[in-house]
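Report on the following structure.
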Amino acid sequence: MDKSKLNYQKNLLLIIVVLFWFAQYVYVPFQTPYLSTMQVSSSMIGIIIGIYGFSQMILRMPIGIMADKNGRHKLFIILGVTASALASVFRIILEPQTGFLVGNILSGFASAMWISFMVLYASYFTCENLQRAMGLIMAANNIGVLGGFVLSTLSYNHLGMNFLCLLSICSGVPAILLSFGIKEQKTKTVKIVPKTSDLIKVYADKRLIFFSILALVQQGILMATCMSFTTQIAHEINASVFQIGLLSIVYIIVAVLASYFSASNFARRLGSSLWIPFILFVLAIYCFAVPNIFSPNLLIAIQILAGLSTGIVFSFCTSEAMKNVPIEKRSTAMGYYQAIYAVGMTIVPMIAGNIAEIYNLNIAFYLEGIIAVIATVASMIYFKYDNRKTIKG
């Protein structure tokens, strides 16, 4: 593929990514307050949020293996954007509890296809520019989410949840149409279909395992705080609908900027060994601080800390996890990586919901803060050991 066609494909895929994540997240800022208003219990809300991660958890590894064996990603991308639009159809036509449960299962299926988006985009770059590729595609991801959060904030109070779900469908449909224009890099060599037993050997890669677990912590805490129960705390301290929307907008603006920053030469020079522990500790501060804030405006401001974790920790964890993985096994490795962090997206909101039901939300936030501190210390120890190995090597 020549340079102009390659650049076109890069831009096309980024546009699809923006539309896809808009469709996936436009309803999210008001999902928890809406379900709570509809008399859905905190434990059930936790299950509805967690089921989104659960469907990813069970699908991502087999999808990664299939993508590596097939060597093609276009079909998986088409399936993903289609499921994303279909999910919001069910949110509209079914009663709230069932509609959001079914919708989140389908949204989880759609997000499971994110493997193919990331691996295909990475294939357009050299290995040396992998961190840049991850930073750019994560920025496109976050721009889509930002667009969804802004529109939901402006329209939810006047037009309601069904309108947000309609916006999701309207974003998913053009993404489906555009995805048919995707072209994949053609290889001159005859492709040998790898054995599944050879592909899954990558699961034993210690680097992949470690950074998958760090991503599990970051994504799990994010789903149980910023994407769900932080908005409930805002509701409890009498934040307006506009202020609740601003929580998500501030978070995602910072995530977009931090994603671009993670792709910069400056960020890469300082490296993962600085950014990952530092921002994980910042995430811990966020968890400890949120339950002790009683001003909606201050709660909005502290969303900056959550945004940094998405834009920096997640981008660096992804590139670090893939660092030792051969190109022909990258979908399998990405499937494993995403399945592991989906465990966090599943169980952390469920546990947080149950703790909130039995005790209160404050306890859930404090436990998440302790987990983030443990992850901070673990990452510092890992990098210290890894740097010593590099020097000796």
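Placement of Cβ uses the backbone N, Cα and C atoms for every residue, glycine included.
Here is what TrEMBL says about this protein:
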TRANSMEM  12-28  transmembrane segment
TRANSMEM  75-94  transmembrane segment
TRANSMEM  100-121  transmembrane segment
TRANSMEM  133-154  transmembrane segment
TRANSMEM  160-182  transmembrane segment
TRANSMEM  208-230  transmembrane segment
DOMAIN    208-393  domain 'Major facilitator superfamily (MFS) profile'
TRANSMEM  242-262  transmembrane segment
TRANSMEM  274-294  transmembrane segment
TRANSMEM  300-318  transmembrane segment
TRANSMEM  339-359  transmembrane segment
TRANSMEM  365-383  transmembrane segment
Cβ-Cβ under 8 Å with the transmembrane segment (12-28): same-chain residues at least 6 beyond its ends: 77, 80-81, 84-85, 88, 91, 107, 110-111, 117, 120-121, 124, 136-137, 140-145, 147-149, 151-152, 161, 164-165, 167-169, 171-172, 174-175, 178-179, 181-182, 227, 248
Same-chain residues near the transmembrane segment (100-121), Cβ under 8 Å, at least 6 residues beyond its ends: 10, 13-14, 16-17, 20, 24, 31, 35, 47-49, 51-56, 59-60, 63-64, 67, 73-74, 76-77, 79-84, 86-88, 90-91, 94, 133-134, 136-137, 165, 182, 184, 318, 330-331, 334-335, 338, 342
Contact call for the transmembrane segment (75-94) and the transmembrane segment (160-182): at least 3 Cβ pairs under 8 Å, seq gap 6+: yes
Two-stretch contact, the transmembrane segment (274-294) and the transmembrane segment (339-359), at least three Cβ pairs under 8 Å: no
Surrounding residues of the transmembrane segment (300-318) on its own chain - C-beta under 8 Å, 6+ positions past either end: 118, 131, 134-135, 138-139, 142, 211-212, 214-215, 218-219, 221-222, 225-226, 230, 243, 246-248, 250-263, 267, 272, 275-276, 279-280, 282-283, 285-286, 289-290, 293, 337
In contact by Cβ distance (the transmembrane segment (133-154), the transmembrane segment (365-383); 3 or more pairs under 8 Å): no
Other parts of the chain folded back onto the transmembrane segment (339-359), taken as Cβ under 8 Å at six or more residues beyond its ends: 41-47, 49-54, 56-61, 64, 108, 112, 209, 212-213, 215-221, 223-225, 228-229, 367-368
